[in-house]
Every structure is written in structure tokens, then in C-alpha cells.
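Noted in TrEMBL for the protein shown:
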type     : residues : note
ACT_SITE : Glu334   : active site, proton donor
DOMAIN   : 36-168   : domain 'Beta-hexosaminidase bacterial type N-terminal'
DOMAIN   : 171-337  : domain 'Glycoside hydrolase family 20 catalytic'
DOMAIN   : 345-486  : domain 'Glycoside hydrolase family 20 catalytic'
SIGNAL   : 1-27     : signal peptide
Amino acid sequence: MRRTAGTLLLAAALGLAVTTFGGSATAATPRSAYLNVVPAPVSAQPNAAAAYPITANTRIYVDPSANQVGDYLAGILRRSTGFPLPITPAPATPTDGIALLLTGAGTQVGAQGYQLDASTAKVVIRAQTVDGLRAGVQTLRQLLPAKADSPTVQSGPWAVPGGHVLDYPRFAQRGAMLDVARHFFPVGTVKRYIDEIALYKVNVLHLHLADDQGWRIEIKSWPKLATYGGSTEVGGGPGGYYTQADYQGIVAYAQSRGVTVIPEIDMPGHTNAALASYAELNCNGVAPPLYTGTDVGFSSLCISKDVTYTFLDDVIRELSALTPSPYLHIGGDEAKVTSDPDYIAFEQKVFPILQKYGKHAEGWHDFLKANPPTSAVPEFWGTTNSDANVTAAAQRGTKILLAPANKTYLDMKYNSSTPLGQNWAGYIEVKTAFNWNPGSYLQGVPESAIAGVEAPLWSETLVTTRDIEYMAFPRLPTIAELGWSPAATHNWTAFRARLGAQAPRWKVLGINYYPSSQIVWAK
Ligand code: NGO
């Protein structure tokens, strides 16, 4: 690889020895694993003279309140190494093994960051929170050979290369959205996606639980929503839904990986599945048939009926009780058959219901026209660089979540020959997904007003786990990088090699991906 000014700049920004920055280099000087971590850390200094060998005698020392993180790491490494890797309460100053400590981290690491030190004697990850340790463990995974992620025992050696990392996120919220309404995905598929996003330090899973084609969450006070409204999907397949126990299982699984679930019930549009399930929710009292097509914007809850708000109170109450997150997403997009005055009247009745159950609203940015509370988070999904309502909200102190459709929508095709996906927001090759700056993207919206970034995956055309993965990889890690890594590390030339270095791990994990020709793929 040619050493461009950009790569030198990146190396300088990362505090790296430029001599180790050889890119595709040569067998003689393999690229340090510290240069391949995605998302790029705030700073990383490899020490090529040291390495910690994980052996049959290695212990994992854990601060007892972070036992779950120790179990997670041990669970991965026991499968591939075959070593016992016992979890042991951490002494004040461990002298060997892998230590996960909630003491001694610098204040810069904040609530989500960590520092990692690997020497010949030991590996120590320090953070101020359990989430910080989880982030450090994801980095440690990426420092190990890809085969450390194998589900079956492999032969070593298992060297953690020596070095130091100081790391924390640029934005607090890094999200992935999965549309389980257009096509239903079973619990196991959702858990697999959680594992995949957690590897890239994504900390929010936004689940799009209800749309015209399906209602996917059991609501005990309105049972037909799930049993009837969930009984089909795009194309007419059998659909499905999560019982409340299933949903709680997903929430707990996500939590154990540092991922918060934010559930979405889209309203007042995108509600045909609910309208089909209960005739009384329709202004004319007649239930429409279930819908299995892909049109948008044709349905609306009945704004003028009291039962609409009884229904929403019940749904929000039940969902709030199942959801530890302080946010519920209430959609609000494409209410094309709802007049503006009706839309505003509707939202003004819904915001207090959320408040009553202790939740803040997240919503597609369309809902700004109904003047939500300042604490509500609009998710910008437009395809332009300016939106007057979003700018005004940011100026009032509202935090904005960025999911510009022409950059972050994982359901857009990569190019005209991509077999899956749509193209209404354009084609999104990896470079297009990478080359924008969330901190200065929207006119009049400064970096300080950005809550974070999210990569939505809509499922009109996606049926299987392999479909999900093909659209998410490699763009999901790309958007994760924009959400986590400092702007100073943003460099396409460096990124296309760093991202390409992930491929061996995806192969070990069985992750299907689009082998973009823009990326320098490692063998
Ligand atoms: C739009 C629309 C969704 C579609 C998606 C497909 C939003 C917020 N509403 O995004 O209903 O599924 O595009 O790309």
C-alpha cells in the first residue's frame, strides 16, 4: 500500500508507529492487529516486542459485579481454545491472566469506554462501567486470531499481541434497526444479529415491531394483534410474533451484550395489521383485510375515536413494563392519509401516554411537526442535508439520531446488480456509507446536538438470516465506525484495509457478506 498523507495522518492520530503501518505489506511485517480494530479506537499503540499467550492455565479475573462480562468472554474462548479459563474474583493488582477491572480507568473513558493493556504477563481491561468492560472485551476479541471465534476447538497458539488502547465513543448512541414486521424473524435470528452488532460496539437494537404487514409482539389486553395481525407477512408467508416471554428473552440477551432494545410501534400510519385485527379501531368500524404487499402510507388509526387512545394506552403500558429502556419508538413516518391537524392532535395525545408510563419518545423525524417534548428523539431518515424542523428542534436542545436513508439504510442495494433490497434512496456502496460526517451532516445541526447514528434494516425483500447478513455486512460495521471512532481517524484508504481485515472472522462466524470490490479483503 502506498503511504498517503491520509494514512500517515491516521497513524499520527492513533499514536501509532508509522513503521508498523505497512498495509497489505508482506509476510515479513504483518500488520498489527491493533491497526485492524473496527471501530477504530481513540488511540492504540502496539508493542511488537510483547504478547500474552492464553494457555490451559489462564484465569479470567473479574470484578464480581462484572461476572456476566467474564462469562461472555470465557464462553467464546472456551469453545475455540478448549481451555477451562476459570472465572476468579479479581485481586486488587492481578499479576497474570486476563483481568476485567472496574478500578483504575482514566476519567476520559467515561461511561462506555475502556483501556486495555496487553503485556507478556497479562491482559488488563479497565473501565468505569460494565458496559465499558464489554467494549474492551470486543476489542480483545478482535486482537486475537479469527479462529478464537470458532464454535469448535482449534489449535493455538493464542497470542494477544502486546499493546495499549485508550478508547471511548464519539456518540453515546450507536444503533441498528431490524424490521421484523415486513418479514418475521425468529428469536434465534434476532439473537444472532445482536451478537453481530455487539462485536462492533453497537449499543442499541431498535426493533420495528408493527407495520401494515404484521404485528409482532403479544399484547395481552388485545390478543388478536399478535394472533391474527401477526399471522402473515410480505409475500403471504406465515409471519409470526414474539410472546412477551420471547421479547423479554431478547431484551435480556441484548442486555448481556451491552445492547439496549428500543421497541417501535409505528403509528398512526403503518397500522394495517392492527386495523385488520380489531374492527373498532377503524373510523368506519370495518376491519380491512390483512396486507402482504409493500406499499406504504395507506393506513391510519382513527384519530377521532376514544378507543384509539384506550388501545394505545394498553399497548404502551404493556410494552413499557417489558422494556427497561427509557425510550419507546412511536414511528410517525409516512402518515400520508392523515391530515396535518389530525396528525398533530394524535401525537399530542400520545406523548402524555408515554410520559405516564415513564418513557421518552423516539420517532421518525416526521413527528417534529407535532411539536414533541424536547426530550423526544427524532430519527432523521431523509435524503437531503437540511431539514427545517430538525434544525429548529436541535436549536431547542433536542438531540437528533441520524439515519439518513441514502447513507445508512442497509436495505438499499449496493449497486444495480445486488439481488436483494430496494433503491428508492439510491445505491449505497461501502464508500458511500462511510464518506460522510455525522457531526456536520445536517445544516444548522452541530455535533453537540447529535445523539448518535443508526443503521436501519427494512425487510421487505429479506427472508433469511443470510439475507440480513448480506445487506448488513460490511455496511453495519461501517456505520458503527462512524458512531464510535473519533473524526480524526476518518480515512477511507485506511478503513478499506481495516474493514477488509474483518473477513476471516466473519468466515469463522459463518457471517454472509457482500464482498465489495471497494474493500481490500484479507484472506
Ligand atoms: C422508509 C419507510 C419504511 C420502508 C423503508 C424502506 C421509513 C422511516 N419509512 O423509511 O416503511 O420500509 O423506507 O427503505
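Glycine is treated like the rest: Cβ placed from N, Cα and C.
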## Note on the structure
A correct count of other C-beta atoms within 10 Å of the C-beta of Glu334 (active site, proton donor) gives 16
### Task
Taking helix as H, G and I and strand as E and B in DSSP, count the residues of the domain 'Glycoside hydrolase family 20 catalytic' (345-486) in helix, strand and coil.
59 helix, 22 strand, 61 coil
## Note on the structure
Across the domain 'Beta-hexosaminidase bacterial type N-terminal' (36-168), DSSP labelling yields 39 helix, 41 strand, 53 coil
